[in-house]
Amino acid sequence: MRLIPPLARAIDWTPLCAVALTMTTVAAIASPDPGVLLLVLRMTAVLLGSAAAFALVDPIAASTAAVPVPRWIRQWLRCLLALAAAAAAWSPVFTVASTRSTAPLPLPGLAVEAATCVAVALTGSALAVRRLPGTAAALAGLLTQITLIACTLALPTALQPWPGVGDPHWTPAHQGWAVALPCVLALLARANTDPTGRRPTHHPPGTTGSAEGFSG
């Protein structure tokens, strides 16, 4: 638990805060039509995913490479912090939207959509950060999101995972979301493993050992 405060300080929270403030404002001034507010919530989920991807960018990777904490622990803590922050940012947007909407907005289905969008971006970034430096890894998370969304929009209407409120395809679509989320999290877990696939080796004081397996 002592690792959480320094990791939290190292993460750039500006993108998440900017998305939260902007989209809460948009939800407050948008039309109360449920279709419009549904679009706002989905845009929020995508933007939060893109912003959360920046949490995996480690600006001090060179200095943390030799710390006696496995890379996968540090990466998972970053992911959990990003997921928690994204949930905290999404909640007020949903609250404002559901309060203003002229029809109920289904919380469970929309929450699963948002969680999956954030997890997809984190997975794309987690895979990229193993090879790409800095902001490029976060942008890879955004590119992953855009690519997958474009693919879903190319599907026949009956198979698209973005049904409107009251659409007869809502239930089957969100059954698909419920299956997709654990699959994405499993891929994220794989992406957060040590790149070498080996356990870190500890060296006696006064000796120099390879930092391979600790890079993040």
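Quick reminder: no glycine exception, Cβ is built from N, Cα and C everywhere.
The feature transmembrane segment is assigned by TrEMBL to 12-30 (among others).
According to TrEMBL, the transmembrane segment annotation covers 36-57 (among others).
The transmembrane segment annotation in TrEMBL covers 77-97 (among others). Packing against the transmembrane segment (77-97) from elsewhere in the chain are residues 3-4, 7-8, 11, 13, 16-17, 19-20, 23-24, 27-28, 30, 37, 40-41, 44-45, 48-49, 51-53, 55-56, 58, 105, 107, 110-111, 114-115, 118-119, 122, 126, 188, 192: each is 6 or more residues past its ends and has a CB under 8 Å from a CB in it.
Look at TrEMBL and you will find 109-129 (among others) tagged as transmembrane segment. Here the transmembrane segment (109-129) has Cβ contacts under 8 Å with residues 38, 41-42, 44-46, 48-50, 52-58, 75, 79, 82-83, 86-87, 90, 94, 136-138, 140-145, 148, 161, 170, 174, 177-178, 180-181, 184-185, 187-188, 191-192, 216 of the same chain, all six or more residues outside its ends.
Residues or ranges marked as transmembrane segment in TrEMBL: 136-155 (among others).
TrEMBL lists 175-193 (among others) with the feature transmembrane segment.
What TrEMBL records for 194-216 is region 'Disordered'.
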